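What TrEMBL says about this protein:
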TRANSMEM  12-31  transmembrane segment
TRANSMEM  43-70  transmembrane segment
TRANSMEM  76-98  transmembrane segment
TRANSMEM  110-132  transmembrane segment
TRANSMEM  138-161  transmembrane segment
Amino acid sequence: MELDTQKITLVGILGAVTAILGMTPLGFVPVPTPAGSATIMHIPVVIGAILEGPLVGGLVGFVFGIFSFLRAGNPFVVDPLIGILPRIFIGVLAGYSYRLVKKESIAAGLAAAVGTLTNTIGVLGLAVWRGYLPSTAAVGIGITHGVPEVVVGVIITILVIKVLKNTG
């Protein structure tokens with residue numbers, strides 16, 4: 001796994017998309033749940049992992065994590081372990097899970113689901129482990145945020161990958 005110009009460029013582009021999603025309301029899709037919205041900020045990480053593998057996914061995830069850490073709205077995301085580490089693993093695990101399935105749309109959907117769950121479980125699990133959040137609250141947040149985020153993430157990722165693979 002070597003970083004060439006194409007991979008570095010993709011990390012930069014998807015990192016910029018992640019920053020734009022985080023600085024605008026575009027990073028949050030309204031859903032009819034108590035959570036009110038599902039984040040899509042992790043989707044560029046998953047797309048990077050699908051297009052160029054776990055290394056690129058992990059690097060885009062690092063950009064997402066740094067951005068989350070710097071613009072933390074939740075007190076526990078200020079902890080770099082919680083704000084950055086799970087975001088790196090989104091790309092790594094999505095990249096490897098994508099390689100498990102041959103059919104493109106199923107592989108992209110699996111990568112999106114794994115990436116989304118990695119984000120939700122990673123952040124909430126570390127917040128509980130570090131004492132920022134009681135486990136009962138984490139489960140409630142995980143269900144109300146995690147389920148719509150998986151659904152939205154899978155749909156958007158499959159559509160974007162289909163377009164990118166058909167045009168490139």
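Glycine is no exception: its Cβ is also placed from the backbone N, Cα and C atoms.
Those TrEMBL annotations? Automatic predictions, nothing curated.
Long-range contacts of the transmembrane segment (138-161) within the same chain, counting only residues at least 6 positions beyond its ends with a Cβ under 8 Å from a Cβ of the stretch, are 29, 31, 33-35, 38-40, 42-43, 46-47, 50-51, 104-105, 108-109, 111-113, 115-117, 119-121, 124-125, 127-128.
Remote same-chain residues near the transmembrane segment (110-132) are listed as 42-43, 45-46, 49-50, 57, 75-77, 79, 81-82, 85-87, 89-91, 93-95, 97-98, 100-101, 138, 141-142, 145-146, 149-150, 153-154, 156-158 (criterion: CB distance under 8 Å, separation of at least six residues from the stretch ends). If you look at the transmembrane segment (43-70), the same-chain residues 6 or more away from its ends with a CB under 8 A from one of its CBs are 1, 3, 6-7, 10-11, 14-15, 17-19, 21-22, 77-78, 80, 83-96, 98, 107-108, 111-112, 115-116, 153, 156-157, 160-161, 164.
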